[in-house]
């Protein structure tokens with residue numbers, strides 16, 4: 001008998017969005033692979049420490065050092081680099097034995113570590129990522145096929161509405177303002193239900209066009225009504241049964257006037 005619950009698919013990774021703001025991430029290496037890792041963690045607002053002699057720096061890493069985007073230690077790896085305040089370690093070097101040594105040291109200190117190109121010595125993987133404003137989508141093959149992950153990511157990315165990133169930004173502003181207006185915990189269900197209805201009713205393009213004026217106008221309907229974009233943006237409006245309907249009776253009103261004129 002088939003279960004009504006979803007089947008377990010073992011062998012996957014736990015894909016989470018880890019908040020790394022201000023956390024110290026140690027990156028051993030300064031080549032092209034390290035450059036990609038550095039960008040990933042800088043995008044997460046982490047404090048990046050690069051350990052690599054100057055001769056091992058690629059142009060991008062050298063530029064980020066020059067721009068003071070990262071902290072740089074101009075030398076090879078030392079055990080002292082694994083201080084107690086390091087939250088994550090990434091190795092991106094062409095020395096498998098040193099990578100393995102760093103991996104073992106990190107495990108002994110319970111520091112999450114990723115050793116590039118050595119899947120068995122990775123606590124986590126870097127997937128192929130899509131970024132559109134607040135939207136982040138990661139495609140991971142769990143180390144099986146990085147190139148395929150990249151191809152799949154491109155297919156997904158091509159299908160994403162260009163307005164998505166801005167729509168998410170504006171939805172976040174609307175959600176925060178609603179929380180500021182009605183912060184009480186007992187209103188959480190009403191807030192959630194109203195926001196769900198807005199997201200289902202409005203298109204991404206409409207959400208992306210929200211500005212402060214429209215947000216304030218929209219919040220005036222909470223919690224009694226979920227208006228459409230057209231209702232709050234059409235200049236002409238009438239009050240019916242204590243609700244504001246924008247432009248909804250213009251056509252019918254014109255027809256009514258025509259009939260009145262004929263009657264006269």
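Backbone N, Cα and C atoms are what each Cβ position is placed from, and that goes for glycine too.
Computed from a predicted structure; not experimentally measured.
Per Swiss-Prot, these features apply:
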- 117: active site, proton acceptor (ACT_SITE)
- 32, 33, 53, 54, 55, 56: NAD(+) binding site (BINDING)
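Known features from Swiss-Prot, placed on the structure.
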| residue | record | CB count, 10 Å |
| --- | --- | --- |
| 32 | NAD(+) binding site | 12 |
| 33 | NAD(+) binding site | 19 |
| 53 | NAD(+) binding site | 11 |
| 54 | NAD(+) binding site | 11 |
| 55 | NAD(+) binding site | 7 |
| 56 | NAD(+) binding site | 17 |
| 117 | active site, proton acceptor | 15 |
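Taking CA atoms as the reference points, residue 117 (active site, proton acceptor) and residue 33 (NAD(+) binding site) are 10 Å apart. Reduced to three states, the DSSP call for residue 117 (active site, proton acceptor) is coil.
The maximum pairwise C-alpha distance among 32, 33, 53, 54, 55, 56, the residues recorded as binding NAD(+), is 16 Å. In the three-state DSSP scheme, residue 53 (NAD(+) binding site) is classed as coil.
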